[in-house]
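Notes follow the structure.
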Amino acid sequence: MSDAGTPAPATSGRREKVAFRFCRECSNMLYPHEDRIGNILMYRCRTCQATESASNNCVFRNTLGGSTGETAGVTTDVGSDPTLPRSMKPCPKCGENECVFFQSQQRTEDTKMRLFHVCCSCGTIH
């Protein structure tokens, strides 16, 4: 077995990127493998059996994130929803007075209690 392999992935910030590794001998993908004798994480080629030691114990990171807008999922037809409360606030686009309102559905620490008004006539969110 050879000890040749690809260099460790580049770091960005305080977290190291988890990236695919490729064998230097046959260019096939390296897969995580446990060295049971040394009890360490290795990467091994399934084709030529070349191995390399892992510089980081993380082999997969599922980053749940992304920012959804406060009005994500709101469609223009919410004005016809009979369960939403109604208000008489003029629409800045069409001037119609009737609108429905609801609170932001985003659940984060910094979310304030913010009301969104949707015009029943044109569907503008204001």
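Including glycine, each Cβ sits where the backbone N, Cα and C put it.
Predicted, not measured: the structure shown is a model, and the values here were computed from it.
Noted in TrEMBL for the protein shown:
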- 23-48: zinc finger (ZN_FING)
- Cys23, Cys26, Cys45, Cys48: Zn(2+) 1 binding site (BINDING)
- 87-126: domain 'TFIIS-type' (DOMAIN)
- Cys91, Cys94, Cys119, Cys122: Zn(2+) 2 binding site (BINDING)
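Here the candidates are the binding-site residues Cys23, Cys26, Cys48. The one whose C-alpha lies nearest to that of Cys122 (Zn(2+) 2 binding site) is Cys23. Look at the Cβ of each of the binding-site residues Cys119, Cys122 and count the other Cβ atoms within 10 Å; the largest number goes with Cys119.
All protein chains considered, the CB of Cys91 (Zn(2+) 2 binding site) has 19 other CB atoms within 10 Å. Among the listed binding-site residues, namely Cys23, Cys48, Cys94, the Cβ with the most fellow Cβ atoms inside 10 Å is that of Cys23.
Cα to Cα, Cys91 (Zn(2+) 2 binding site) and Cys48 (Zn(2+) 1 binding site) are separated by 68 Å.
Taking the Cβ of Cys45 (Zn(2+) 1 binding site) as reference, residues of its chain lying under 8 Å away and at least six apart in sequence are, in sequence order, Cys23, Glu25, Cys26, Asn28, Met29, Leu30, Tyr31, Thr51.
Around Cys26 (Zn(2+) 1 binding site), taking its Cβ as the centre, 12 other Cβ atoms fall within 10 Å, counting all chains.
Cα of Cys94 (Zn(2+) 2 binding site) to Cα of Cys48 (Zn(2+) 1 binding site): a span of 69 Å.
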